[in-house]
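Trainee: Have a look at this one.
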Amino acid sequence: MKILNESVVLTGYLVAAILFILALKGLSSPRKARRANRLGATGAVIAIAAYVLGHDIRNGAWIALAVVAGAAIAVPAARRVHMTQMPQLVAAFNGVGGGAAALVAVVEFTHGADAWAGSVIAFTVFIGGLSLTGSFITFGKLQGIITSRAVVFPGLGVLLGVLTLAAIATAVAMVITGNLLYAAALLGIGLVIGVLFVLPIGGADVPIVISLLNAFTGLAVAGSGVMLSNVLLLIAGTLVGASGTILTISMATAMGRSVTGIVFGAFRRARKSG
Amino acid sequence: MDVFALVTITVLAVFLGFEVVSKVSSTLHTPLMSEANAIHGIILLGAIMVAGQATEPLPLVLSVLAVFLATINIVGGFVVTDRMLVMFAAKPSRAGKKEVSK
């Protein structure tokens with residue numbers, strides 16, 4: 001439906017961006033926090049309504065179906081979850097968000113991309129994929145599906161190093177050739193690295209890593225904003241990436257830990273024991 | 001977007017992101033993380049953008065899947081944050097009481 005013109009849509013994005021900032025800000029006061037969360041949700045509704053009312057949209061029925069199906073899963077999950085299981089549910093939600101950002105990037109890549117857009121897409125595909133599996137491993141750890149202890153094996157550090165180099169090489173090949181298969185390969189490498197990155201993290205450090213992966217998804221969303229030339233995605237993603245980084249550091253500090261110690265500590269131990 | 005606008009917006013958003021969470025108390029760490037998680041669910045907008053332009057089967061399937069996943073992120077994110085904050089509102093009776101019904 002093309003009811004709203006472009007400047008109204010952009011104003012809607014501006015309002016949404018302000019509401020997101022107020023939402024994050026309001027969360028630092030227990031009294032205002034619940035209202036702040038509502039402001040955030042209102043911002044999201046305004047932004048999406050503005051886009052939908054301002055553009056001709058194909059596949060409307062499919063999109064509506066996917067939204068209804070997603071909400072039908074998310075609302076009961078969020079409503080029924082036990083208080084002690086909330087952190088892992090947030091991790092799961094974060095993971096699917098990262099997966100969504102990666103898929104959006106892959107789809108955008110099918111339209112072709114120059115070197116700049118291609119690089120942003122490669123970044124988003126990789127970080128989104130990493131966030132997806134990393135978050136699900138943290139979910140599994142907190143939920144007791146997999147052991148919450150640090151899982152390390154000899155050569156893990158080397159394997160991660162090799163995979164990281166492979167990811168860079170694949171990203172370069174993807175940007176140069178424009179071949180979708182490289183994008184799929186990069187997504188695959190991101191998914192594997194997500195698993196290997198979180199496995200060595202144990203017990204009490206897991207919530208901190210959830211926060212770190214949350215910030216990663218924020219960066220992936222910011223990347224989507226750049227490739228889609230959408231200023232709201234850029235602002236919201238960058239906000240979450242930045243505030244999530246600070247939050248991760250404060251959480252670690254509150255527990256007397258350091259973020260680098262958590263992320264790289266396990267590898268150091270692995271090297272000593274292996 | 002031209003590069004200067006892009007860099008300007010990004011840098012300002014980074015500083016704003018640092019600023020808005022700098023004074024949060026540790027009891028609110030988890031709800032704040034959850035709120036940030038809900039906000040990046042706005043990737044739903046990006047997913048709708050690509051799904052709404054898809055003409056071929058593969059992009060359509062992938063982007064509709066993205067819409068589905070992003071909806072779980074954003075709807076679940078805001079609802080679960082609200083539930084956490086209900087507990088904060090009903091605070092004095094701290095430990096493991098039955099949750100406040102809605």
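Heads up, the Cβ atoms here are built off N, Cα and C, so glycines get one too.
Note: TrEMBL annotation is automatic and uncurated.
The domain 'NAD(P) transhydrogenase alpha subunit C-terminal' feature in TrEMBL is assigned to B:7-89. Residues or ranges marked as transmembrane segment in TrEMBL: B:6-24, B:36-54, B:60-81.
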Trainee: Determine how many residues of the domain 'NAD(P) transhydrogenase alpha subunit C-terminal' (B:7-89) DSSP places in helix, in strand and in coil.
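Mentor: Looking at the domain 'NAD(P) transhydrogenase alpha subunit C-terminal' (B:7-89) with DSSP, the answer is 71 helix, 0 strand, 12 coil.
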Trainee: Can you give the mean pLDDT for the domain 'NAD(P) transhydrogenase alpha subunit C-terminal' (B:7-89), rounded to a whole number?
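Mentor: Computed over the domain 'NAD(P) transhydrogenase alpha subunit C-terminal' (B:7-89), the mean pLDDT is 95 on the 0 to 100 scale.
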